[in-house]
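Structure first, then comments.
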Amino acid sequence: MIVLDTTVLVYAKGAEHPLRDPCRDLVAAIADERIAATTTAEVIQEFVHVRARRRDRSDAAALGRVTMPNCSRRYSPSIEATSKRGLTLFETTPGLEACDAVLAAVAASAGATALVSADPAFADLSDVVHVIPDAAGMVSLLGDR
C-alpha cells in the first residue's frame, strides 16, 4: 500500500504540468485497484482547499468526495499514536511541515511501501520511502506500461 500526498491529487486534477500525466496514471491505477493506496482526511481537505481557489466550491467538494473512497478505506490509524510520531518527525526534521510530518507518520505506521509526493522534504526521512510522482516514480510503483 502507498500513501498519497496532496501534490499527487492537485497535479492529477490540475492544469498542464510535467507531473500531471504520471499523477493521472497513478490515480487511475488506484481507482482500478491495481495498486492499494490511502491518505488522510487532512490531505483531502488540503486538496479541496487548493481546488476551490481555482474552481467553484461544488467542483472542489465533488472531487474530494470522489477521491475519498479510493484513498481512505484501507487504513485507519490510531490518531494519538500517529500524532505523537508525527510531532516527533516535525520536531526533528526541519524541512517538514507539521501536516506533512503527520502524513509521514501515517505512512510509517501503516507500513506503506511508499509515500508519493512532489514535495522534496519527504526525501529526508529514513523510515519512509519517498517516491516522486514523475515518469520514473510511476515505473517504480506501477511497472513499465
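Here the Cβ of each residue, glycine as well, is placed from N, Cα and C on the backbone.
The domain 'PINc' annotation in Swiss-Prot covers 2-129 and rests on sequence analysis. Among the features that Swiss-Prot reports, Mg(2+) binding site is placed at ASP5, ASP100.
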ASP5 (Mg(2+) binding site) falls, by DSSP collapsed to helix, strand or coil, into coil
In the domain 'PINc' (2-129), averaged pLDDT is 90
If you count the other CB atoms within 10 A of the CB of ASP100 (Mg(2+) binding site), including all protein chains displayed, you should get 24
Taking all protein chains shown into account, the Cβ-based neighbour count within 10 Å for ASP5 (Mg(2+) binding site) is 25
What DSSP gives for ASP100 (Mg(2+) binding site), in three states, is helix
